[in-house]
Amino acid sequence: MVRSEWIAARKGHDNVTQMHYARQGIITEEMHYVAQRENLPPELIRDEVARGRMIIPANINHPNLEPMAIGIAAKCKVNANIGASPNSSNLEEELAKLRLAVKYGADTVMDLSTGGGDLDAIRTAIINASPVPIGTVPVYQALESVHGSVERLTPDDFLHVIEKHAQQGVDYMTIHAGLLIEYLPLVKNRITGIVSRGGGILAKWMLYHHKQNPLYTHFRDIIEIFKKYDVSFSLGDSLRPGCLHDASDEAQLAELKTLGQLTRKAWEHDVQVMVEGPGHVPMDQIEFNVRKQMEECSEAPFYVLGPLVTDIAPGYDHITSAIGAALAGWYGTAMLCYVTPKEHLGLPNAEDVRNGLIAYKIAAHAADIARHRPGARDRDDELSRARYNFDWNRQFELALDPERAREYHDETLPADIYKTAEFCSMCGPKFCPMQTKVDAEALAELEKFLAKDKDQVSASA
(Lines of atoms letter the chains of each structure in order from A and count residues from 1; the text may use other names and numbers.)
(Lines give C-alpha, C1' and ligand atoms only; values in the text may rest on other atoms or scores of the structure.)
Protein backbone atom coordinates (compact mmCIF):
# COMPACT_ATOMS: atom_id res chain seq x y z
CA MET A 1 0.00 0.00 0.00
CA VAL A 2 1.78 3.10 -1.28
CA ARG A 3 -0.05 5.44 1.07
CA SER A 4 1.39 3.63 4.11
CA GLU A 5 4.74 5.21 3.30
CA TRP A 6 3.18 8.67 2.92
CA ILE A 7 1.50 8.65 6.31
CA ALA A 8 4.13 6.84 8.38
CA ALA A 9 5.99 10.05 9.20
CA ARG A 10 2.80 11.89 10.23
CA LYS A 11 1.48 9.50 12.86
CA GLY A 12 1.67 10.79 16.41
CA HIS A 13 1.64 14.47 15.45
CA ASP A 14 -0.99 16.69 17.06
CA ASN A 15 -2.43 17.74 13.70
CA VAL A 16 -2.12 15.60 10.58
CA THR A 17 -4.85 17.13 8.40
CA GLN A 18 -4.43 17.93 4.73
CA MET A 19 -5.57 21.47 5.52
CA HIS A 20 -2.86 21.82 8.17
CA TYR A 21 -0.11 20.91 5.69
CA ALA A 22 -1.67 22.99 2.91
CA ARG A 23 -1.66 26.08 5.11
CA GLN A 24 2.04 25.53 5.79
CA GLY A 25 2.67 25.60 2.04
CA ILE A 26 3.27 21.84 1.88
CA ILE A 27 1.96 19.87 -1.10
CA THR A 28 1.38 16.40 0.34
CA GLU A 29 1.58 13.18 -1.63
CA GLU A 30 -2.22 13.03 -1.48
CA MET A 31 -2.42 16.49 -3.08
CA HIS A 32 -0.07 15.42 -5.88
CA TYR A 33 -2.17 12.29 -6.42
CA VAL A 34 -5.38 14.32 -6.56
CA ALA A 35 -3.82 16.85 -8.94
CA GLN A 36 -3.01 14.04 -11.36
CA ARG A 37 -6.53 12.58 -11.11
CA GLU A 38 -8.17 15.96 -11.63
CA ASN A 39 -5.74 17.18 -14.30
CA LEU A 40 -5.10 20.30 -12.21
CA PRO A 41 -1.86 21.94 -10.98
CA PRO A 42 -0.71 20.66 -7.54
CA GLU A 43 -0.37 24.23 -6.28
CA LEU A 44 -4.03 24.89 -7.13
CA ILE A 45 -5.04 21.81 -5.12
CA ARG A 46 -2.95 22.99 -2.15
CA ASP A 47 -4.43 26.48 -2.34
CA GLU A 48 -8.03 25.22 -2.53
CA VAL A 49 -7.49 22.88 0.44
CA ALA A 50 -5.80 25.66 2.44
CA ARG A 51 -8.71 28.05 1.94
CA GLY A 52 -11.28 25.35 2.74
CA ARG A 53 -12.91 25.28 -0.67
CA MET A 54 -11.72 21.71 -1.29
CA ILE A 55 -11.28 18.71 0.97
CA ILE A 56 -9.29 15.51 0.58
CA PRO A 57 -10.95 13.04 2.99
CA ALA A 58 -8.03 10.80 3.93
CA ASN A 59 -7.83 9.30 7.42
CA ILE A 60 -4.27 8.27 8.27
CA ASN A 61 -5.67 4.87 9.33
CA HIS A 62 -7.07 4.15 5.85
CA PRO A 63 -3.82 3.20 4.06
CA ASN A 64 -5.42 1.51 1.02
CA LEU A 65 -7.30 4.71 0.15
CA GLU A 66 -6.86 6.19 -3.33
CA PRO A 67 -7.09 9.92 -2.45
CA MET A 68 -9.75 12.06 -4.13
CA ALA A 69 -10.95 15.64 -3.83
CA ILE A 70 -14.33 17.23 -3.15
CA GLY A 71 -14.59 20.88 -4.14
CA ILE A 72 -15.82 23.28 -6.79
CA ALA A 73 -12.48 23.27 -8.63
CA ALA A 74 -12.62 19.47 -8.98
CA LYS A 75 -15.02 17.29 -10.92
CA CYS A 76 -18.47 16.85 -9.36
CA LYS A 77 -18.42 13.76 -7.17
CA VAL A 78 -21.02 11.11 -6.27
CA ASN A 79 -21.51 9.33 -2.95
CA ALA A 80 -23.26 5.98 -2.56
CA ASN A 81 -24.91 4.94 0.70
CA ILE A 82 -24.77 1.33 1.85
CA GLY A 83 -25.33 -0.24 5.26
CA ALA A 84 -26.98 -3.10 7.07
CA SER A 85 -30.24 -2.63 8.96
CA PRO A 86 -31.79 -4.65 11.81
CA ASN A 87 -34.43 -6.05 9.43
CA SER A 88 -32.39 -6.68 6.32
CA SER A 89 -28.89 -7.31 4.97
CA ASN A 90 -25.61 -8.60 6.44
CA LEU A 91 -21.85 -8.08 6.12
CA GLU A 92 -21.43 -10.07 2.90
CA GLU A 93 -24.28 -8.21 1.21
CA GLU A 94 -22.82 -4.87 2.23
CA LEU A 95 -19.35 -5.78 0.92
CA ALA A 96 -21.00 -6.83 -2.35
CA LYS A 97 -22.75 -3.43 -2.48
CA LEU A 98 -19.42 -1.70 -1.81
CA ARG A 99 -17.75 -3.53 -4.70
CA LEU A 100 -20.69 -2.73 -6.96
CA ALA A 101 -20.66 0.94 -5.94
CA VAL A 102 -16.94 1.26 -6.68
CA LYS A 103 -17.38 -0.61 -9.98
CA TYR A 104 -20.04 1.85 -11.16
CA GLY A 105 -18.07 4.92 -10.16
CA ALA A 106 -18.91 5.90 -6.57
CA ASP A 107 -16.34 8.48 -5.49
CA THR A 108 -17.10 7.94 -1.79
CA VAL A 109 -19.26 5.46 0.13
CA MET A 110 -21.13 6.01 3.38
CA ASP A 111 -21.70 3.07 5.72
CA LEU A 112 -25.06 3.82 7.34
CA SER A 113 -25.39 0.50 9.15
CA THR A 114 -27.84 0.51 12.05
CA GLY A 115 -27.96 -3.23 12.71
CA GLY A 116 -27.68 -6.57 10.97
CA GLY A 117 -24.63 -7.69 12.95
CA ASP A 118 -21.55 -6.35 14.72
CA LEU A 119 -21.38 -2.71 13.55
CA ASP A 120 -17.65 -2.43 14.29
CA ALA A 121 -16.90 -5.58 12.30
CA ILE A 122 -19.04 -4.39 9.37
CA ARG A 123 -17.40 -0.97 9.34
CA THR A 124 -13.85 -2.30 9.64
CA ALA A 125 -14.43 -4.78 6.81
CA ILE A 126 -15.83 -2.04 4.58
CA ILE A 127 -12.88 0.31 5.28
CA ASN A 128 -10.33 -2.46 4.67
CA ALA A 129 -11.99 -3.35 1.36
CA SER A 130 -12.51 0.20 0.12
CA PRO A 131 -10.21 2.22 -2.16
CA VAL A 132 -12.61 5.20 -1.86
CA PRO A 133 -13.22 7.39 1.22
CA ILE A 134 -15.68 5.98 3.75
CA GLY A 135 -18.11 8.17 5.66
CA THR A 136 -20.27 7.31 8.66
CA VAL A 137 -22.93 8.78 10.94
CA PRO A 138 -21.63 7.97 14.45
CA VAL A 139 -24.92 8.95 16.12
CA TYR A 140 -26.41 5.67 14.83
CA GLN A 141 -23.94 3.50 16.72
CA ALA A 142 -24.19 5.72 19.78
CA LEU A 143 -27.92 4.97 19.88
CA GLU A 144 -27.30 1.26 19.34
CA SER A 145 -24.86 1.27 22.28
CA VAL A 146 -27.71 2.22 24.65
CA HIS A 147 -30.13 -0.22 22.97
CA GLY A 148 -32.22 2.52 21.42
CA SER A 149 -32.89 4.46 24.64
CA VAL A 150 -32.16 7.99 23.41
CA GLU A 151 -32.59 9.57 26.84
CA ARG A 152 -29.72 7.45 28.25
CA LEU A 153 -27.15 8.87 25.83
CA THR A 154 -24.46 11.12 27.32
CA PRO A 155 -21.99 13.46 25.59
CA ASP A 156 -19.25 10.94 26.39
CA ASP A 157 -21.18 8.22 24.56
CA PHE A 158 -21.13 10.34 21.40
CA LEU A 159 -17.43 11.22 21.76
CA HIS A 160 -16.48 7.59 22.44
CA VAL A 161 -18.14 6.38 19.23
CA ILE A 162 -16.68 9.27 17.19
CA GLU A 163 -13.15 8.46 18.39
CA LYS A 164 -13.68 4.77 17.68
CA HIS A 165 -14.76 5.49 14.10
CA ALA A 166 -11.72 7.76 13.65
CA GLN A 167 -9.36 5.07 14.96
CA GLN A 168 -10.89 2.51 12.60
CA GLY A 169 -10.09 4.70 9.57
CA VAL A 170 -13.33 6.53 8.74
CA ASP A 171 -12.47 9.41 6.39
CA TYR A 172 -15.43 11.72 7.06
CA MET A 173 -18.30 11.77 9.51
CA THR A 174 -21.71 13.37 9.46
CA ILE A 175 -21.86 15.44 12.64
CA HIS A 176 -25.29 16.94 13.38
CA ALA A 177 -23.93 19.84 15.44
CA GLY A 178 -25.97 22.62 13.81
CA LEU A 179 -29.33 21.53 15.23
CA LEU A 180 -29.80 23.83 18.23
CA ILE A 181 -32.53 23.40 20.82
CA GLU A 182 -33.98 26.82 19.97
CA TYR A 183 -34.54 25.71 16.36
CA LEU A 184 -36.89 22.84 17.24
CA PRO A 185 -40.06 25.00 17.45
CA LEU A 186 -39.37 26.20 13.90
CA VAL A 187 -40.52 22.87 12.44
CA LYS A 188 -44.10 23.12 13.75
CA ASN A 189 -45.50 24.37 10.42
CA ARG A 190 -43.79 21.68 8.36
CA ILE A 191 -45.57 18.78 6.72
CA THR A 192 -42.77 16.27 7.39
CA GLY A 193 -41.02 17.73 10.44
CA ILE A 194 -37.49 16.35 10.92
CA VAL A 195 -36.50 13.72 8.34
CA SER A 196 -32.82 13.34 9.24
CA ARG A 197 -32.29 10.13 11.25
CA GLY A 198 -29.37 11.64 13.16
CA GLY A 199 -31.23 14.90 13.61
CA GLY A 200 -34.26 13.05 14.91
CA ILE A 201 -32.16 11.25 17.53
CA LEU A 202 -30.66 14.52 18.78
CA ALA A 203 -34.04 16.28 18.74
CA LYS A 204 -35.49 13.55 20.97
CA TRP A 205 -32.50 13.88 23.31
CA MET A 206 -32.93 17.66 23.60
CA LEU A 207 -36.70 17.42 24.08
CA TYR A 208 -36.19 14.92 26.89
CA HIS A 209 -33.31 16.66 28.71
CA HIS A 210 -34.11 20.30 27.84
CA LYS A 211 -30.39 20.77 27.18
CA GLN A 212 -28.41 22.04 24.19
CA ASN A 213 -27.26 19.63 21.46
CA PRO A 214 -24.23 17.78 22.91
CA LEU A 215 -22.51 17.70 19.51
CA TYR A 216 -22.68 21.51 19.50
CA THR A 217 -21.51 21.97 23.09
CA HIS A 218 -18.68 19.45 22.58
CA PHE A 219 -17.73 20.54 19.07
CA ARG A 220 -14.23 21.51 20.22
CA ASP A 221 -13.68 17.98 21.56
CA ILE A 222 -14.69 16.54 18.18
CA ILE A 223 -12.24 18.89 16.45
CA GLU A 224 -9.42 17.52 18.62
CA ILE A 225 -10.29 13.96 17.59
CA PHE A 226 -10.47 14.86 13.91
CA LYS A 227 -7.08 16.64 14.02
CA LYS A 228 -5.33 13.48 15.22
CA TYR A 229 -6.58 11.25 12.41
CA ASP A 230 -7.42 13.71 9.62
CA VAL A 231 -11.14 13.04 9.64
CA SER A 232 -13.19 15.55 7.66
CA PHE A 233 -16.40 17.05 8.98
CA SER A 234 -19.53 16.48 6.94
CA LEU A 235 -21.74 18.89 8.84
CA GLY A 236 -25.20 17.33 8.88
CA ASP A 237 -28.32 19.26 7.93
CA SER A 238 -30.71 17.88 10.55
CA LEU A 239 -33.41 20.32 9.44
CA ARG A 240 -33.23 19.59 5.72
CA PRO A 241 -36.64 19.66 4.05
CA GLY A 242 -38.33 16.29 3.63
CA CYS A 243 -40.84 17.57 1.09
CA LEU A 244 -41.23 20.48 -1.32
CA HIS A 245 -43.55 22.32 1.08
CA ASP A 246 -40.78 22.55 3.70
CA ALA A 247 -37.98 23.69 1.37
CA SER A 248 -35.97 26.84 2.14
CA ASP A 249 -37.95 27.51 5.32
CA GLU A 250 -36.89 29.30 8.49
CA ALA A 251 -35.77 26.09 10.21
CA GLN A 252 -33.49 25.02 7.35
CA LEU A 253 -31.89 28.45 6.99
CA ALA A 254 -31.41 28.94 10.75
CA GLU A 255 -29.44 25.70 10.94
CA LEU A 256 -27.46 26.63 7.82
CA LYS A 257 -26.24 29.82 9.52
CA THR A 258 -24.99 27.76 12.48
CA LEU A 259 -23.30 25.30 10.10
CA GLY A 260 -21.38 28.24 8.66
CA GLN A 261 -20.21 29.27 12.13
CA LEU A 262 -19.12 25.70 12.90
CA THR A 263 -17.28 25.51 9.57
CA ARG A 264 -15.16 28.51 10.48
CA LYS A 265 -14.56 27.15 13.99
CA ALA A 266 -13.19 23.90 12.53
CA TRP A 267 -11.03 25.87 10.10
CA GLU A 268 -9.45 27.72 13.03
CA HIS A 269 -7.89 24.35 13.90
CA ASP A 270 -7.10 23.34 10.29
CA VAL A 271 -9.80 20.66 10.16
CA GLN A 272 -11.44 19.98 6.80
CA VAL A 273 -15.17 20.58 6.35
CA MET A 274 -17.93 19.98 3.86
CA VAL A 275 -21.54 20.91 4.50
CA GLU A 276 -24.58 18.75 3.80
CA GLY A 277 -27.67 20.11 2.09
CA PRO A 278 -31.22 19.24 1.04
CA GLY A 279 -33.23 17.19 0.32
CA HIS A 280 -36.51 18.06 -1.42
CA VAL A 281 -36.36 21.39 -3.29
CA PRO A 282 -38.44 22.78 -6.21
CA MET A 283 -36.30 23.42 -9.28
CA ASP A 284 -36.69 27.18 -9.02
CA GLN A 285 -35.19 27.19 -5.50
CA ILE A 286 -32.09 25.07 -6.15
CA GLU A 287 -29.84 27.92 -7.26
CA PHE A 288 -30.85 29.96 -4.19
CA ASN A 289 -29.99 27.03 -1.91
CA VAL A 290 -26.53 26.56 -3.42
CA ARG A 291 -25.72 30.29 -3.39
CA LYS A 292 -26.99 30.63 0.20
CA GLN A 293 -24.79 27.77 1.38
CA MET A 294 -21.72 29.29 -0.27
CA GLU A 295 -22.48 32.62 1.37
CA GLU A 296 -23.19 31.28 4.87
CA CYS A 297 -20.43 28.64 4.88
CA SER A 298 -17.64 30.67 3.25
CA GLU A 299 -17.57 28.42 0.16
CA ALA A 300 -16.93 25.15 2.01
CA PRO A 301 -17.81 22.26 -0.34
CA PHE A 302 -21.55 21.59 -0.56
CA TYR A 303 -22.78 17.98 -0.44
CA VAL A 304 -26.47 17.51 -1.28
CA LEU A 305 -28.92 14.62 -1.11
CA GLY A 306 -30.64 14.95 -4.48
CA PRO A 307 -32.48 17.23 -4.21
CA LEU A 308 -35.79 15.68 -5.28
CA VAL A 309 -37.78 18.11 -7.42
CA THR A 310 -41.17 16.43 -6.92
CA ASP A 311 -42.67 14.23 -4.21
CA ILE A 312 -45.11 12.11 -6.24
CA ALA A 313 -42.86 9.42 -7.76
CA PRO A 314 -42.03 6.72 -5.17
CA GLY A 315 -40.14 3.98 -6.99
CA TYR A 316 -38.58 6.54 -9.34
CA ASP A 317 -36.87 8.90 -6.92
CA HIS A 318 -33.48 8.20 -8.51
CA ILE A 319 -34.95 10.17 -11.44
CA THR A 320 -36.76 12.92 -9.49
CA SER A 321 -33.57 13.55 -7.54
CA ALA A 322 -31.07 13.24 -10.40
CA ILE A 323 -32.87 16.16 -12.07
CA GLY A 324 -32.25 18.30 -8.99
CA ALA A 325 -28.73 16.92 -8.56
CA ALA A 326 -27.72 17.94 -12.10
CA LEU A 327 -28.93 21.49 -11.46
CA ALA A 328 -27.25 21.63 -8.04
CA GLY A 329 -23.99 20.42 -9.58
CA TRP A 330 -24.23 23.03 -12.32
CA TYR A 331 -24.69 25.79 -9.73
CA GLY A 332 -21.57 24.67 -7.85
CA THR A 333 -22.39 21.77 -5.53
CA ALA A 334 -19.25 19.67 -5.02
CA MET A 335 -20.71 16.24 -4.24
CA LEU A 336 -24.07 14.57 -4.86
CA CYS A 337 -25.41 11.87 -2.56
CA TYR A 338 -27.21 9.33 -4.69
CA VAL A 339 -30.83 8.35 -4.22
CA THR A 340 -31.99 4.90 -5.29
CA PRO A 341 -35.38 3.78 -6.67
CA LYS A 342 -36.10 2.34 -3.19
CA GLU A 343 -35.92 5.77 -1.46
CA HIS A 344 -38.87 6.20 0.93
CA LEU A 345 -39.84 2.55 0.31
CA GLY A 346 -37.18 0.21 1.70
CA LEU A 347 -33.53 -0.84 1.93
CA PRO A 348 -31.89 -0.81 -1.52
CA ASN A 349 -30.53 -4.03 -2.98
CA ALA A 350 -27.60 -4.38 -5.38
CA GLU A 351 -29.65 -3.51 -8.48
CA ASP A 352 -31.02 -0.40 -6.75
CA VAL A 353 -27.47 0.68 -5.92
CA ARG A 354 -26.52 0.28 -9.57
CA ASN A 355 -29.52 2.26 -10.85
CA GLY A 356 -29.05 5.04 -8.30
CA LEU A 357 -25.35 5.36 -9.01
CA ILE A 358 -25.69 5.50 -12.77
CA ALA A 359 -28.42 8.15 -12.49
CA TYR A 360 -26.09 10.24 -10.34
CA LYS A 361 -23.00 9.69 -12.48
CA ILE A 362 -25.10 11.10 -15.34
CA ALA A 363 -26.09 14.11 -13.20
CA ALA A 364 -22.52 14.79 -12.04
CA HIS A 365 -21.12 14.42 -15.56
CA ALA A 366 -23.77 16.76 -16.97
CA ALA A 367 -22.79 19.30 -14.30
CA ASP A 368 -19.10 19.00 -15.22
CA ILE A 369 -19.94 19.68 -18.87
CA ALA A 370 -22.12 22.66 -17.96
CA ARG A 371 -19.34 24.10 -15.77
CA HIS A 372 -16.81 23.65 -18.62
CA ARG A 373 -14.43 21.59 -16.51
CA PRO A 374 -11.27 20.60 -18.43
CA GLY A 375 -11.84 17.53 -20.58
CA ALA A 376 -15.37 16.97 -19.26
CA ARG A 377 -16.88 16.44 -22.73
CA ASP A 378 -14.05 14.39 -24.24
CA ARG A 379 -15.74 11.07 -23.57
CA ASP A 380 -19.05 12.32 -25.01
CA ASP A 381 -17.34 13.38 -28.22
CA GLU A 382 -15.49 10.09 -28.51
CA LEU A 383 -18.69 8.10 -28.02
CA SER A 384 -20.46 10.27 -30.60
CA ARG A 385 -17.73 9.51 -33.16
CA ALA A 386 -18.06 5.80 -32.41
CA ARG A 387 -21.84 6.08 -32.81
CA TYR A 388 -21.53 7.87 -36.15
CA ASN A 389 -19.06 5.22 -37.34
CA PHE A 390 -21.29 2.35 -36.12
CA ASP A 391 -18.49 1.12 -33.84
CA TRP A 392 -20.84 -0.64 -31.45
CA ASN A 393 -18.21 -2.22 -29.20
CA ARG A 394 -16.48 1.12 -28.70
CA GLN A 395 -19.83 2.71 -27.83
CA PHE A 396 -20.37 0.07 -25.16
CA GLU A 397 -16.86 0.60 -23.74
CA LEU A 398 -17.38 4.36 -23.40
CA ALA A 399 -20.85 4.11 -21.84
CA LEU A 400 -21.31 4.83 -18.12
CA ASP A 401 -22.87 1.36 -17.83
CA PRO A 402 -21.32 -0.76 -20.62
CA GLU A 403 -23.13 -3.93 -19.58
CA ARG A 404 -26.56 -2.31 -19.74
CA ALA A 405 -25.86 -0.69 -23.13
CA ARG A 406 -24.73 -4.02 -24.59
CA GLU A 407 -27.67 -5.85 -23.01
CA TYR A 408 -30.24 -3.48 -24.53
CA HIS A 409 -28.62 -3.63 -27.97
CA ASP A 410 -28.44 -7.41 -27.91
CA GLU A 411 -32.07 -7.91 -26.88
CA THR A 412 -33.05 -7.61 -30.54
CA LEU A 413 -29.76 -7.98 -32.44
CA PRO A 414 -27.64 -10.45 -30.43
CA ALA A 415 -25.49 -11.97 -33.20
CA ASP A 416 -21.88 -10.78 -33.50
CA ILE A 417 -22.46 -9.71 -37.09
CA TYR A 418 -24.66 -6.88 -35.82
CA LYS A 419 -21.71 -5.37 -33.92
CA THR A 420 -20.51 -4.05 -37.28
CA ALA A 421 -23.96 -3.36 -38.75
CA GLU A 422 -24.76 0.17 -39.86
CA PHE A 423 -28.12 0.21 -38.07
CA CYS A 424 -29.87 -0.89 -34.88
CA SER A 425 -33.38 -2.30 -34.37
CA MET A 426 -34.92 1.17 -34.02
CA CYS A 427 -34.59 2.25 -37.68
CA GLY A 428 -33.49 -0.96 -39.35
CA PRO A 429 -31.10 -1.14 -42.32
CA LYS A 430 -32.92 1.32 -44.61
CA PHE A 431 -33.88 4.28 -42.43
CA CYS A 432 -30.87 5.06 -40.18
CA PRO A 433 -30.01 8.74 -40.75
CA MET A 434 -26.40 8.19 -39.72
CA GLN A 435 -25.87 6.21 -42.91
CA THR A 436 -26.04 9.54 -44.73
CA LYS A 437 -22.31 10.22 -44.88
CA VAL A 438 -21.63 13.61 -46.42
CA ASP A 439 -17.98 13.44 -47.44
CA ALA A 440 -15.65 16.39 -47.88
CA GLU A 441 -15.56 16.12 -51.68
CA ALA A 442 -19.36 16.26 -51.97
CA LEU A 443 -19.50 19.25 -49.62
CA ALA A 444 -16.82 21.06 -51.61
CA GLU A 445 -18.82 20.54 -54.81
CA LEU A 446 -21.97 21.78 -53.08
CA GLU A 447 -20.22 24.89 -51.76
CA LYS A 448 -19.03 25.72 -55.29
CA PHE A 449 -22.54 25.29 -56.61
CA LEU A 450 -24.05 27.45 -53.87
CA ALA A 451 -21.47 30.18 -54.42
CA LYS A 452 -22.08 30.17 -58.15
CA ASP A 453 -25.87 29.80 -58.19
CA LYS A 454 -26.81 31.37 -54.85
CA ASP A 455 -29.27 33.80 -56.42
CA GLN A 456 -30.92 31.05 -58.43
CA VAL A 457 -31.31 28.81 -55.34
CA SER A 458 -32.78 31.70 -53.33
CA ALA A 459 -35.22 32.57 -56.12
CA SER A 460 -36.45 28.99 -56.43
CA ALA A 461 -37.09 28.89 -52.67
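Glycine residues also receive a Cβ, built from the backbone N, Cα and C atoms like all the rest.
Since the structure is predicted, the reported quantities are computational estimates derived from the model, not experimental observations.
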Same-site residue for substrate (record: Swiss-Prot; known: MET110, TYR140, HIS176, SER196, ARG197, GLY198, ASP237, SER238, LEU239, ARG240, GLU276, TYR303; options: ASN81, ASN87, ASN90): ASN81
Cα proximity to TYR140 (substrate binding site), best match among binding-site residues HIS280, HIS344, CYS427, CYS432: HIS344
Euclidean distance between Cα atoms of HIS344 (Zn(2+) binding site) and ASN81 (substrate binding site), Å: 14
In three-state DSSP terms, the structure that HIS344 (Zn(2+) binding site) belongs to: coil
Integer Cα-Cα distance in angstrom, ARG240 (substrate binding site) to HIS280 (Zn(2+) binding site): 8
Structural state of ARG240 (substrate binding site), classified by DSSP into three states: coil
Between GLY198 (substrate binding site) and HIS344 (Zn(2+) binding site), the C-alpha gap once rounded to whole angstrom: 16
Sequence-distant neighbours of TYR303 (substrate binding site) in its chain (C-beta under 8 A, six or more apart): ILE70, ASN79, SER234, MET274, VAL275, GLU276, GLY277, THR333, ALA334, MET335, LEU336, CYS337
Residues within 8 Å of the CYS424, CYS427, CYS432 Cβ centre (excluding the [4Fe-4S] cluster site residues themselves): PHE423, SER425, MET426, GLY428, PRO429, PHE431, MET434
